[in-house]
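A.B. asks: Feature table excerpt (TrEMBL):
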type     : residues : note
DOMAIN   : 499-510  : domain 'EGF-like'
TRANSMEM : 516-536  : transmembrane segment
TRANSMEM : 548-567  : transmembrane segment
TRANSMEM : 573-597  : transmembrane segment
TRANSMEM : 609-628  : transmembrane segment
TRANSMEM : 634-655  : transmembrane segment
TRANSMEM : 671-692  : transmembrane segment
TRANSMEM : 698-717  : transmembrane segment
Amino acid sequence: GLFVTDYFTRTPRKLSPFRSFASIELFHFHIPEDTVIAVWNLITFKEQGGTFGDQCPDRSITVYFRSGAPSVINPLHTHFPRDTAVPGSFALTLTWTLPNRTTGVFNVTSPLPGDWFLAAHLPKDEGKISVKGLYEECQYLFQPQLIVQRLVNIAVLYPGHVTEQSMAPHNRSCLYKVFVPSYTSRVLVEVLRCRGAGGCPLWLRVRAKAPPLHNSTTLDCREHTPCQLAQDLPFWQHWYYVLVEKHPGVPGTVSFQVTVQLTDCSRPSLARPPFLPSSASMNMPHSFGSAGGLALGDSPPPTSPNDTKHPVPIPVTSHTGERCWPVRPTLRNELDTFSVHFYIFFGPNVSVPPDRPAVFVINLLPVLDSGGVLNLELRLNVSSLCGENVTVFGCLNHEVPLTSSDNTSVTCETESLAGFLLSVNATASLSRLRIPYPQTGSWYLSLRSLCATEHGFEPCTNVTAEVYLRAYLSPCINDCGIYGQCKLLRTNNYLYAACECKAGWNGWGCTDNAEAFSYGFQLLSTLLLCLSNVMFVPPVAIAVRSHYLLEAAVYIFTMFFSTFYHACDQPGIVVFCIMEYDVLQFCDFLGSLMSVWVTVIAMARLQPIVKQASVLYLLGAMLLSMALQMDRHGLWNLLGPSLFALGIMAVAWTARTIRRRHCYPPTWKRWAFYLCPGALIAAAAVLLYAFVETEENYFYIHSIWHLLIAGSVGFLLPPRAKPSRRLGPLPRRKGCGYQLCVNEQEELGLVDPAVASINSICTS
């Protein structure tokens, strides 16, 4: 056949260490139908400061692949919440082959068509809190590229029609596909009139959704006569691919015929007729099966004189239990993003008769619904059992309902079909199932009741069980509990939700308490971070005593908002917020920087030099507010105003030193007992904040930071200015003069200056 190659790529993204699924980078691809091979080229490179990061350490990169929905990963080996199903995925670890670049390749032969998702992350680190802009951070960028090769013009087989084929000596295989509509219980593929060297030297392989692989369902036509391959419970509304492959080393041409027969489960004794009108054309609802065994969506194929003949009758053996039951639809009610409820008509209480299953369908929309959690809940009404030992089993299967002919079977899986089992009885009347990141499409829930006896389960008689059924889609499992936050994330045009845990809790639903903080530890960390701000009381007292009232007001502001910001910023349950978190954070950061600003300006003693020194206080407040609004965690946005204040202080001290021709401050005691200790304490606080603080030691290192900063302010704040010792004004020379005594109300702007009265005229 003819091959077509398609190429897809994604923009490089920076990878982060894994903490939760919210920290991974997710990539979305779409693989077209009839793809025979997909090759992912995984490119990873390092960057540091805009250049190649040759000096960056090698950190392994883990990549996960999954078809239909994002991967449910657990690299930290935490516990999943109860009643949670974990779907599988492929995983690949990339190692570095070059100092700043590495490449990995992941091949998938005959991949499933549709959506594919890649998730990538770095290994977990120690959680160091780095100051933004302090140094050039090593960045690990990941870029996946996809190359697919697909076949075009694959021959289509039509049910009930015979297709003739001659395989030339240089050809090894022939590929066909047939569409399987809804309510098909069996697909039978048969090779007829096979002629070749040594009988029928052919392999017959069948696979759903994609071309067959070496491990697909296979039949050797040499050993089986007739050469028939059957697929029970096929996937509905999908293509099935048929591969006829010649044995290696067979000379000459091999001729054969291929035909496909589909069994309609509404009439299992008959094959699906090829020329009957579809139920859709007769306005019959698909959820209740075909009307009178009519085909669903079949149309007569185009006739061809070379390879297609008239339909031939194929004997079909009647299989008991292949009868399909009516499928009850559900009503979709969208409340919000990933918040969807599926309501059952005449529900939510459903009756499960003893002689047949009750089947329901839940339709998940492509792409839109795969980023949440599918929740299913069964609750048995014990009073409806009439004293019988009844167990209601539920099988949840994707794309086809499981209707087993064995009434005593309690499994939800077959050789080609996987499912999830739920059960409720008089003892355990409640059962739940959670599927994170479910595959989209139709999910079928089959409920049936069996009675427990000494010999196992047997069909019940005259007992109709009543079950409360609830199905809904939620963003996260139990909204991540009290120790987590459910975050709505986006990658390009794809939305998904994930939990971000706190206070040492881990897991997909923040339910793993192996490393959780105890209540006492949370209370201790909160008290340390809050009460350490009491260290600002001595600087406030010193400022008031030295008549630095503005500085004292700033220190009180800082102490107040730092206390309540840290009380609101706690990760656990010991939390107290008097305002919105963003307001408290802004005021805490502003107060901290303003404390540094007013302290340095006070140390400069600008009043004798600059008459309007208070302008600098207002200027600092405006500059710091602007810097915090731009980036609260940026280094230079915060360090710039502080350096500017230090520059003003240095200029003022230099001017005094030059004017007095003596070092300022003039006394060695001021340097030895106040300035040097205060500067050392402040430097130690900055070093702890920038290089030592991590997420694990945050509560006590940051508390020490509070103590050191407040202590340094107490040392650095200058003493009260001494009164001036200059001589008073000389006595005025006697002569004529006068003094205007203006009304005090005029000074306050309370009267019109035009009518101001002169209270007295003093003459001498």
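Cβ coordinates are placed from backbone N, Cα and C, and glycine is handled just like the others.
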A.B. asks: Could you pull out which residues elsewhere in the chain have a CB under 8 Å from any CB of the transmembrane segment (698-717), counting only those six or more residues past its ends?
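C.D. replies: Tertiary neighbours of the transmembrane segment (698-717) are 129, 524-525, 528-529, 532-533, 535-536, 538-539, 542-543, 546, 548, 551, 555, 562, 566, 592, 595, 599, 602-603, 674-675, 677-679, 681-682, 684-685, 688-689, 692.
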A.B. asks: Can you say which of 548-567, 573-597, 671-692 has the most Cβ pairs under 8 Å with the transmembrane segment (516-536)?
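C.D. replies: Most contacts with the transmembrane segment (516-536): 548-567.
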A.B. asks: Within the domain 'EGF-like' (499-510), count helix residues (DSSP H, G, I), strand residues (E, B) and coil residues, in that order.
C.D. replies: 0 helix, 4 strand, 8 coil
A.B. asks: Within the domain 'EGF-like' (499-510), what mean pLDDT does the predicted structure show?
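C.D. replies: Across the residues of the domain 'EGF-like' (499-510) the model's pLDDT averages 91 on the 0 to 100 scale.
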